[in-house]
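Participant: Quick one: this structure, given as structure tokens, is what I'll be asking you about.
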Amino acid sequence: MKDFHWFSLFLDAVELLQTHTLSPRMRKIWMRLAEAVPTWRRARFLLLSVLWIGFFPNNSHQDQNPQCQIISSALPLPVLQRNGDIILGGLFSLHDAVSVHNPSFTSQPPPAKCTRFNFRTFRWMQTMIFAIEEINRHGELLPNVTVGYKIFDSCSTPHQALKAAVELMGRVNNSVAEKNSNGTCYGSIPVVIGDGGSTQSLVVARFLGVFHVPQVSYFSSCACLSDKKQFPAFLRTMPSDSFQVDALIHLVKHFGWTWVGVIAGDDAYGRDGANIFVNKVQRLGVCVSIHEIIPKNRAQTDILSIISKIRSSGAHVILVFAVEQDAVALFDEALRTGLTGIQWLASEAWSTAAVLSSPTKYHHLLQGTVGFAIRQAHIPGLRDFLLRLSPSGPAAREDPFLALFWEEVFQCSLSGQAKGQELYSEGKPPCTGTEDLRSVTNIYSDVSQLRISYNVYKAVYAVVNALKDMKSCVKGKGVFPLWTCPDVEGVQPWQLLHYIRQVRYLNSFADEIKFDENGDPAAVYDLVNWQLNANRQIGFITVGKYDGMIPTNAQKLLIQKENILWNGNQSQVPLSVCSSGCPPGNWKAVRPNSPVCCYDCVACAAGEVSNQTDAISCDQCPPEFWSNPEKTTCVLKEVEFLSFSDTTGIILAAISLLGALCTCAVLFIFFCHRTSAVVRANNSELSFLLLFSLTLCFLCSLTFIVQPSKWSCMLRHTAFGISFVLCISCILGKTIVVLVAFKAKIPGSNIMKCFGPAQQKTIISICTLAQVIICTVWLTVSPPAPRHLMPREKPFIILLCDEGSSIGFALVMSYIGFLACLCLLLAFLARKLPDSFNEARLIAFSMLIFCAVWVAFIPAYISSPGKYATVTEVFAILASSYGLLGCIFAPKCYIILLRPEKNTKTHLMSKTPSQTF
């Protein structure tokens with residue numbers, strides 16, 4: 001408790017020491033003494049110190065003059081200023097770079113030296129002065145109030161911009177700013193116009209945001225500056241890059257470019273804008289061939305590497321998202337290496353840059369460039385105002401930038417120094433001071449493309465209109481607590497910031513000026529095309545418009561396509577794709593380890609189609625459809641069946657008719673020689689019936705060579721089954737007769753009486769009737785019917801006859817097989833009977849061929865696709881029929897026609913040794 005008590009006293013003492021008015025030196029001494037003693041003694045020591053201070057206060061501070069001290073080593077920057085009731089700050093990058101020093105810090109670093117004077121930015125600065133003087137001259141917006149300005153050069157570098165911002169906040173008329181009643185150090189600059197570059201504005205916006213000083217930029221477009229959490233006091237008359245990126249994406253999508261390159265500057269503008277573009281454009285299926293950064297040191301080797309990657313990428317459309325200085329470095333190297341055939345897309349920063357459009361060396365490289373630029377306007381009186389400058393004028397000595405400008409324009413040297421600015425002009429002829437700006441044509445005096453200048457003009461008027469609204473506040477109806485109005489005598493920056501955010505008016509050019517919740521203006525761009533005019537000069541031709549405020553995407557971008565001239569003075573839209581578009585009938589197969597835009601065109605597989613360009617896949621046709629030869633549409637499949645118009649059908653029909661004719665010829669021969677011994681030897685009636693059935697077997701195959709229908713399907717199977725059973729029944733009867741005939745020669749045998757002609761006919765009738773019954777039942781229960789087979793992998797529909805009942809079809813075939821096997825068995829048993837002409841041997845051969853054909857038919861039929869199954873069946877019918885006809889009747893016809901001497905009963909009855917079979 002004792003320690004805690006002393007610790008509490010110690011804290012109280014420290015607080016008193018920190019809050020009591022004590023000189024810094026005395027406070028330091030007391031603190032060092034306190035640290036030298038133990039903790040509890042230190043607490044008592046500090047308590048005594050507090051009492052000492054209470055009785056003997058240090059009043060030395062009362063004699064000091066409170067001032068905001070400037071760091072002694074920080075030399076004042078050159079400033080162009082004019083006094084007024086309200087001073088507007090201005091930041092302009094009048095130089096493009098700062099000479100780099102490597103200080104050793106063993107001595108005071110030398111002041112920064114800005115290099116490469118920029119005429120374009122100097123015109124922007126003069127436009128701010130012109131707008132302010134115009135407002136003062138008219139006096140309608142701020143009557144009885146004079147607006148002044150205080151302008152610094154930020155030299156296109158962040159640290160120079162920050163130094164200028166500090167100067168704006170910390171000095172008034174180059175004197176030390178005094179404290180106000182609240183004890184804070186402040187200047188009299190309530191608002192800053194600038195800076196131009198996004199990188200500089202990022203630094204300045206963070207600094208000014210701490211003090212809630214509004215900053216209105218005329219050229220900073222980085223989308224990051226729309227973040228009000230980081231940059232609460234930042235506003236701009238330049239649209240955000242997010243809108244510009246959307247415009248560029250619409251442009252790329254409109255012309256169908258899917259393989260583009262992106263080159264960005266190494267700053268906030270380039271990196272952020274390019275990254276947003278790449279992320280958004282890739283979501284639309286566009287591929288980025290290269291994404292490179294132009295280094296700030298602009299080393300030739302690094303830029304040469306970029307040019308080499310552009311060549312190897314194969315992209316014909318390249319977006320350069322960079323400020324004009326970086327773009328110049330890139331295009332200089334492109335000229336040196338002879339890079340041609342590239343369609344350049346320009347970001348807003350250089351889309352109308354005269355530093356690139358004026359030199360003739362860039363014309364063949366950049367002619368046809370397309371880019372977006374902010375809206376332009378013609379500002380009356382501005383050109384005369386720009387040309388008024390002269391180093392001999394009354395205000396020339398007060399302008400630290402005029403002498404630099406004059407020397408750069410006329411390439412001469414002015415003697416003496418401008419106020420606050422050292423001149424570096426060795427090696428130049430002296431200036432007379434009477435040179436006339438009207439005699440030269442350059443970027444400064446060119447007012448044909450007032451775009452950023454118009455932004456500066458709008459920024460000044462937006463601030464002044466906000467000041468007007470502040471001064472128009474009615475007491476008791478203000479927007480601040482207790483409905484108070486702002487302080488119009490001493491304008492507070494935070495109050496002015498509120499009014500600038502709320503400003504909304506229609507200017508003299510009929511443009512509505514306002515800011516959204518992010519401090520951004522309305523995003524409206526002109527699409528400009530770099531075209532060579534009759535004087536061989538680059539002109540910026542407006543060929544379209546992009547309005548980011550329109551909610552419908554289809555109407556945001558309007559393009560006059562017919563007015564565009566592309567790189568190489570071509571009217572045809574350049575093609576920039578990694579792979580050419582796949583025509584209908586193909587699909588895109590992405591290459592391994594490649595972007596999605598790099599693909600190969602693969603033809604759709606059979607039965608698949610694609611009816612659009614760049615299809616990602618092919619669609620399967622429905623089962624009854626097939627793809628056309630181009631694979632672009634599905635057409636009805638052809639119906640395939642064995643027909644007389646088919647080559648195979650014609651051949652089979654011819655063979656069938658030939659077999660029938662041969663059978664009829666044999667029948668005719670037998671009829672003509674019906675009394676001969678060979679014909680009468682084995683029941684001529686059965687021979688004639690057998691020939692008739694063979695004719696039916698040959699002709700029944702024709703029923704298979706027609707389009708399957710209900711009746712044709714029933715006819716073909718029943719005709720086939722009954723014809724072959726009739727044929728085999730006749731052969732069976734002949735075989736039985738042969739066997740019985742030889743058995744009848746045995747004494748006492750009456751077997752021949754049981755197998756007379758009537759009995760033979762009965763056997764044939766019974767065998768055939770059984771097949772008729774089987775076929776009748778089959779047709780009644782489940783008859784064969786036509787059926788469509790629609791295999792997806794085939795380009796045709798197979799029309800065939802379905803067996804209906806598999807059991808019925810199997811019974812028909814099995815019955816034929818049974819009779820054939822029985823005939824073969826009986827003929828085999830009778831093959832060695834003693835006779836000069838043993839018909840059993842011929843029957844055995846014929847049935848052997850018959851059985852072999854139909855045994856081979858089964859696996860062939862099952863494995864044959866489509867109509868070829870029918871072809872196999874017809875072939876089996878014809879082969880077996882020809883086998884029967886040839887084996888049984890060919891030898892008889894040979895004897896009848898060629899060996900008539902053997903066609904006698906004596907020769908046939910002679911017994912000869914039987915040969916081995």
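Just so you know, glycine gets a Cβ as well, placed from its N, Cα and C.
According to TrEMBL:
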DOMAIN    648-912  domain 'G-protein coupled receptors family 3 profile'
TRANSMEM  650-672  transmembrane segment
TRANSMEM  684-706  transmembrane segment
TRANSMEM  718-742  transmembrane segment
TRANSMEM  763-781  transmembrane segment
TRANSMEM  807-830  transmembrane segment
TRANSMEM  842-862  transmembrane segment
TRANSMEM  874-897  transmembrane segment
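I'd like these features described in context: how deep, what's nearby, how far apart.
Facilitator: Under 8 Å from some Cβ of the transmembrane segment (684-706) lie the Cβ atoms of residues 642-644, 649, 652-653, 656-657, 659-660, 663-664, 666-667, 670-671, 674, 712, 715-716, 719-720, 723-724, 726-727, 730-731, 733-734, 737, 757, 760, 764, 870, 873-874, 877-878, 880-881, 884-885, 888-889, all in the same chain and six or more residues away from its ends.
Tertiary proximity for the transmembrane segment (718-742) is limited to same-chain residues at least six positions away from its ends with a CB under 8 Å from its CB atoms, namely 682-683, 686-687, 689-690, 693-694, 696-697, 700-701, 703, 751-752, 754-755, 760, 763-764, 767-768, 770-772, 774-775, 778-779, 812-813, 815-816, 819-820, 822-823, 826-827, 829-830, 833-835, 838-840, 843, 846-847, 850, 877, 880-881, 884, 888.
Only residues 6 or more beyond the boundaries of the transmembrane segment (842-862), in the same chain, are considered here, and those with a CB under 8 A from a CB of the stretch are 728, 731, 734-735, 738, 816-817, 820-821, 823-824, 827-828, 830-831, 869, 872-873, 876, 879-880, 883-884, 886-888, 891, 917.
Note on the transmembrane segment (874-897): residues 642, 652, 655-656, 659, 662-663, 666, 669-670, 673, 676, 678-679, 687, 690-691, 694, 697-698, 700-701, 704-705, 720, 724, 727, 731, 837, 839, 842-843, 845-846, 849-850, 853-854, 856-857, 861, 903 of its chain, located 6 or more positions outside it, place their CB under 8 angstroms from a CB of the stretch.
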